[in-house]
Amino acid sequence: MTKKIVTLAGDGIGPEIMSAGLRVLKAVSKKIAFEYELVAKDFGGIAIDKHGHPLPEETLQAVKNADAILLAAIGHPKYNDAKVRPEQGLLALRKELGLYANVRPLKIYPALKNLSPIRNVENVDFVVIRELTGGIYFGQHELSDEKARDINDYTADEIRRILHFAFKIAQNRPRKLLTSVDKQNVLATSKLWRKIADEIAVEYPDVTLEHQLVDSCAMLLITEPQKFDVIVTENLFGDILSDEASSLAGTLGVMPSSSHGFNGLSLYEPIHGSAPDIAGKGIANPVSMISSVAMMLRESFGQAEGATLIEKAVTQTFADGILTQDLGGNATTAEMTEAILKNCQ
C-alpha cells in the first residue's frame, strides 16, 4: 500500500537538506520495495510570505491526511519582531496533531567522537523521550511587578500515555533499560509521575525501570552518559535534558528527532535550525535530515531494513573521512549526500 508523506521544506537551509533526504529515501525505497508518494506544502516563513500564516489551512489539511510528515527547518531573523512568526506555525502544528511524545536519539559516531566536549563518549547510545503536552509550559501563568507564578499541572492520563510510549521504546532496544526522571523529593507532579511509573512497570516485565532525580540525571549525562538507554521525563525537564544530551555530540548537524501524536501520526525533523547564514551556499550538513528519514522508515512504516541501511551508510561515510564544514571537513551538501547514497548500495 502506497504511503503518503507530506514534506515541509520550510526556510533557510530547509529546501537543500530536504532535497538530500528525499534523494536517499528514493534510493533506499527502491531497494526495500517501499512505495510512497510525496506531497510538498508551504510551512514556516515561506508560508507567511505567500499566505500570511505559517500554517496555512491547505498545509494543515494535507498533514492531517498524511501517513508521516518530514519537516526540514523553519525560521529567519527577519521575523524576530514580527507579529506572526514561523515558530507559531510549529506550535500550532503540534497542537493540531496532538503531538505528545518527542524522541531524540543520541548516538556518538566513532569517527566524530573527537568533536564531543566530553572526553569519555565511547559507546554512548541512548534516547531521550520528552512529554510535550502537559507540565508548566501549559499551566496557568501570572505575572505582576511584585510576584510571578507558573502552575505545573499533569493528569494521570497524560503521565500514563508517555510512560507506556517510553516502555515500548525500551522493549525494542537491546538493553531494555528505562530511566524515569523526576524531582520526586520536592514536586507533587513528580510524586504522581513516579507512582504511576512503578504501577505501569509490572506490565513490562522485560524492561528494567530505574528512577533518577533530574539534577542527578543532568550530572550523569556528562560524567557517565553510557549509563543510559532510554530516558523519559516531563516537559520542562525534557526540554533541558534533551538539549544537554545533544551537546555530547559536539554538533547539531547529525541528530534527528521525531514527535508522535495521539492518532499515530508522527513528524520527523532535524534538531538544528534553519541556518539562514549559510542558506543557498550548498554547504549545509544534510545528515540530520537523512537520519530523520531513517527514523521515519523505522517508526512510522516498520521498515527497519531501510532505516538500518541508511544508518550504516552514514556511519561508513563518516569513517571514510567525508565531513561537511561543521564537522571539520570541506564536503558540500551534494558531496555528502552522494557519499551516503554510494554507501547505501
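Yeah, the Cβs are placed from backbone N, Cα and C, and that goes for glycine too.
According to TrEMBL, the domain 'Isopropylmalate dehydrogenase-like' annotation covers 4-340.
Taking the Cβ of R130 (substrate binding site) as reference, residues of its chain lying under 8 Å away and at least six apart in sequence are, in sequence order, A101, N102, R104, T233, E234, N235, F237, G238, D239, L241, S242. The feature substrate binding site is assigned by TrEMBL to R94, R104, R130, D215.
Among the features that TrEMBL reports, site 'Important for catalysis' is placed at Y137 (among others). Sequence-distant contacts of Y137 (site 'Important for catalysis'), defined as residues of its own chain at least six apart whose C-beta falls under 8 angstroms from its C-beta, comprise N235, L236, D239.
Proximity of K183 (site 'Important for catalysis') to non-local residues of its own chain (separation of 6 or more, Cβ distance below 8 Å) is seen for S190, L213, V214, D215, F237, given in sequence order. Annotated site 'Important for catalysis' per TrEMBL: K183 (among others), in sequence order.
Per TrEMBL, Mg(2+) binding site is recorded for D215, D239, D243. Cβ neighbour count for D243 (Mg(2+) binding site) (all protein chains, 10 Å cutoff from its Cβ): 13.
Annotation note: G273 (NAD(+) binding site) sits in a coil segment as assigned by DSSP. For G273 (NAD(+) binding site), the same-chain residues 6+ apart in sequence whose C-beta sits under 8 angstroms from its C-beta are G12, A73, G75. What TrEMBL records for G273, S274, A275, P276, D277, I278, A279, G280, K281, G282, I283, A284, N285 is NAD(+) binding site.
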Within the domain 'Isopropylmalate dehydrogenase-like' (4-340) only, compute the mean pLDDT.
96
Using the Cβ center of D215, D239, D243 as the Mg(2+) site position, which other residues in that chain lie within 8 Å, going by their Cβ?
V214, A218, L236, F237, G238, I240, L241, S242, E244
Neighbourhood of N285 (NAD(+) binding site) by C-beta distance under 8 A, where only residues 6 or more apart in the same chain count
I17, T251, G253, V254, T324, Q325, D326, L327, T333, M336
What's the most sparsely packed of the binding-site residues D215, D239, D277, counting other C-beta atoms within 10 A?
D277
Measuring Cα to Cα, how many angstrom lie between A279 (NAD(+) binding site) and D243 (Mg(2+) binding site)?
24
When the number of other CB atoms within 10 A of each residue's CB is tallied over all shown chains, which of the binding-site residues R94, R104 has the maximum?
R104
